[in-house]
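S.K.: Starting off with a structure, shown below.
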């Protein structure tokens, strides 16, 4: 017994485990227990888990089963803990080593070494343990040099595992960067291709986005007025005078309180009290006069009366807009008079007659860039010329052929005499000097002589004519029969020596060099233009009468329309195909206006049918004279912007946001403009 006690005392072991991380890793691994033997509970549950998960099979002498093993460890909170376990509770894989065989170790006495290879097959435990031991290897070796933490094979696996983790981390980072770059590129492409012409029409400031109750009281008070008038009419018909007077007084009070308010915020503080008072009056009227059938009749009469008023206001608005659009502003009229007076007073008319042949060679040189502008508006024409020259790379190669009427010829000549752009060549002609342009040759002039056409146009502003043909007011404008408007169909006759010419309207602004237009291969077509059709809009059936068999049998109703305003004409192909003859043929057929209304675009669509080359839309952006929601980027990137419509930039009707594109080419410091009070 003494021998056994001595031996037990001699072999009593104190195992110090540095478990700051190793213990935690084993705890978290939750690896399956293999061949565990029952052992008594330890003082701390965490230590129990350490031994239960790590002690796979202990090898020891059966006589030493009562030897105590004391272990220290750190729990999850960093506190140092002690635990005891009997040798008999450990697995057989635990071995006793004699320190005499450990040459590299200097400590004396027996040591207990945990053979980690005994649980290498446990994958989860291996991963977690290796992660913890890797971070704490140096520290453990310094504090506990007697503990063999891992075999060389285990260390190699740990190193390989760390390398794989590093490679995987780098791969994930690379994939994340690639994904971010792809998302950014997709977002950029989406933003570049995003069309916001429609979205631009919406704003959070629009009434659509106001609170639905923002004008609840205002609407209530207006509805009360309608109800009160209906009951008042019934009261009057039934000789209930007191109630009639009371209701009309309340109507007047409601109108006074409403005033010019457009929302509840504009109403005075007494509005709600007045609405309550009117509600009380309507309640009294309902109790005394309510008759469903009678009320329905009154409301129907009010509705019909209101509809008639709305129709009348629409007609009036249409007429006034058309009137304003075709009216020549007083400042522009002043400008023409001042220029014409100075032209003749200073004798420039005689001097020009002597010098008119000086630049004849340039005017007929087909290698230069020739423009045709037909207008009676001096200021508008000057903007077209200035914007073209200022944006041209070679202004000396640009030649402008301007044709105006007899009334504005002197003013146009005077303006370009004193304000001629540098280098460019300007020719101003009078349409009345074209003797070949007469009624025997020109269909439009011949039609103008008919009494029916004169009646249709020159009495268009008569009240009876307005009420009868309000829908056609746009076309009932004598300017549509002006020869300046139809001279575009006679370009080969006006310029017989030229091969190509660019036609420009006087309501356009040039923003880029137009010289590349002469290099476009039009593939044998006569007219180069930008198409205007979008979905079902601006197609042939919008302009032509397809109920007429002459139209329906020769043209496609769904054919895409295009725009006048900036058109490249191949005059050689024009002469070859006798385009002017085609125009005359269809113009004669439309003498009674059954094929199309009027204007120059419908006969243009017919004349150049299947002979029009579609140019890129960026060359010509239209709609600045009628559409307030155009794409701003498209406008700024366009070579030419066109103010087609009633809201011309020189009129007070113009859209303020579009006017700067035009006004920046106006010389507002010019003495003539200042004299006529033409300013921004």
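Numbering starts at 1 and runs along the chain as it is shown here.
Glycine too: its Cβ is placed from the backbone N, Cα and C atoms.
These figures come from a predicted structure and were not determined experimentally.
The compositional bias 'Polar residues' feature in Swiss-Prot is assigned to 130-145. Positions annotated as N-linked glycosylation site by Swiss-Prot, on the basis of sequence analysis: 121, 128, 135, 239, 386, 438, 545, 578, 610, 631. Annotation comment: Swiss-Prot describes 118-146 as region 'Disordered'. Residues or ranges marked as topological domain 'Cytoplasmic' by Swiss-Prot on the basis of sequence analysis: 1-6. Residues or ranges marked as topological domain 'Lumenal' by Swiss-Prot: 28-680. Feature annotation from Swiss-Prot assigns transmembrane segment to 7-27; the stated evidence is sequence analysis.
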S.K.: Give the helix, strand or coil assignment DSSP yields for residue 386 (N-linked glycosylation site).
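M.R.: Looking at the DSSP assignment, residue 386 (N-linked glycosylation site) belongs to a helix.
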S.K.: Nearest of the glycosylation sites to residue 545 (N-linked glycosylation site) by CA-CA distance, picking from 239, 386, 578, 610?
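M.R.: Smallest Cα separation from residue 545 (N-linked glycosylation site) among 239, 386, 578, 610: 610.
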S.K.: If you count Cβ atoms within 10 Å of the Cβ of residue 438 (N-linked glycosylation site), leaving out that atom itself, what do you get?
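M.R.: Cβ-Cβ neighbours of residue 438 (N-linked glycosylation site) within 10 Å number 10.
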S.K.: Please name which of the glycosylation sites listed here, 239, 386, 438, 578, 631, is nearest in space to residue 610 (N-linked glycosylation site), Cα against Cα.
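M.R.: Nearest listed residue in space: 578.
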S.K.: Looking only at C-alpha atoms, tell me how far residue 386 (N-linked glycosylation site) is from residue 438 (N-linked glycosylation site), rounded to the nearest Å.
M.R.: 33
S.K.: Name the one residue among 438, 578, 631 whose Cα is closest in three-dimensional space to that of residue 239 (N-linked glycosylation site); these are the glycosylation sites.
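M.R.: Out of the listed candidates, the nearest Cα belongs to 631.
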S.K.: Applying a 10 Å Cβ distance cut-off over all chains shown, what neighbour count does residue 610 (N-linked glycosylation site) have?
M.R.: 9
S.K.: Rounded to an integer, what is the Cα-Cα distance in Å between residue 578 (N-linked glycosylation site) and residue 438 (N-linked glycosylation site)?
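M.R.: With distance taken Cα to Cα, residue 438 (N-linked glycosylation site) is 19 Å from residue 578 (N-linked glycosylation site).
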S.K.: Which has the fewest other Cβ atoms within 10 Å: 239, 386, 631, the glycosylation sites listed?
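M.R.: Among the glycosylation sites 239, 386, 631, the lowest count of other Cβ atoms within 10 Å belongs to 239.
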S.K.: At a 10 Å cut-off from the C-beta of residue 578 (N-linked glycosylation site), count the other C-beta atoms across all protein chains.
M.R.: 12
S.K.: Just to verify a number: CA distance, residue 438 (N-linked glycosylation site) to residue 631 (N-linked glycosylation site), in angstrom, no decimals.
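M.R.: Checking the Cα atoms of residue 438 (N-linked glycosylation site) and residue 631 (N-linked glycosylation site) gives a distance of 44 Å.
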S.K.: When DSSP is mapped onto helix/strand/coil, what comes out for residue 438 (N-linked glycosylation site)?
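M.R.: The residue in question, residue 438 (N-linked glycosylation site), is coil (DSSP, three-state).
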S.K.: Mean pLDDT, the topological domain 'Cytoplasmic' (1-6)?
M.R.: 43
S.K.: Give the number of CB atoms, excluding that of residue 545 (N-linked glycosylation site) itself, located within 10 Å of its CB.
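M.R.: Total other Cβ atoms inside 10 Å, all chains included: 16.
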